[in-house]
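Peer 1: Pasting a structure here, questions to come.
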Amino acid sequence: SVMGLLDDCEAHFGTRNLYEALHVEKSIEDKKLKKAYYSQSLKWHPDRFSAEDSDETRKQLATEKFQILSKAYEILSDKESRAVYDETGSVGEDDGPMSEEDFERCVKMWRGQFKKVTKEDIDAFFANYTGSEEEKEDVAAAYEKCKGDLDLIVEHVPSADNDESRLVEIIKQLIKDGELEETKKFKTSSAPKKIAARKRKADEEAKEAEKMLKKITDKEGEGDLAALILRRQGERANQATSFLAGLEEKYGGGAKKGAKKAKK
């Protein structure tokens, strides 16, 4: 993004307040802040996007959200920068455009603070998140932001890829309860044909991603593949090549993988 951190925070989370982005009160203590950062960033963590999701837009959004939450945590977990932010609302030098280096630094910071995220960790998080008040709030915020367009909403709700029909039911209930207004976009984009078409597209992309993952892991081994894939984000941003073509270009020639093992 060419915008600064607070602009990005507003664009992605609907607030310029770093505490609100992390779903915490201003008075939160350090230990609880770390736990909140873990919980919020897990929704958009790069390790979710190795093989399961080959949708480029969705992955890019997740990457940006992960970066914003990580930078917010960096500022609030440092006594001096937090004091400056609390007093002035300024994030100082951190309020610049985010780069590929920023992303790598965020991933490195995560690895230093938490163990490598496993599929079991992700599943456990979503077992608690699915059906929670927090998920309902995220769905409502995404609905407002996207004016009811499900084609876009599914990119903003971390659990949408699990069961879109359930997402539609949550929205319909929120409309029934008077918390949301039904839009034309919602009516058209929630039609059964549209839902089925999105499901077909997702299934096809998942199959392609699985094939590509097997090709890469056969050549490279398991390793921390997600971080490598997402590192390509910046390089591909202005190219017409597709996600899969980008992977072919990166791994097709037997390049050596430089991912380090995560710290415990």
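Backbone N, Cα and C define each Cβ position, glycine as well.
Automatic prediction, not curation, is the source of TrEMBL annotations.
Sharing the record's features from TrEMBL:
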type   : residues : note
DOMAIN : 17-89    : domain 'J'
Peer 1: Any idea what the model's mean pLDDT is for the domain 'J' (17-89)?
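Peer 2: On average, pLDDT over the domain 'J' (17-89) sits at 85.
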Peer 1: What are the helix, strand and coil residue counts for the domain 'J' (17-89) according to DSSP?
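Peer 2: Reading the DSSP string over the domain 'J' (17-89) gives 52 helix, 0 strand, 21 coil.
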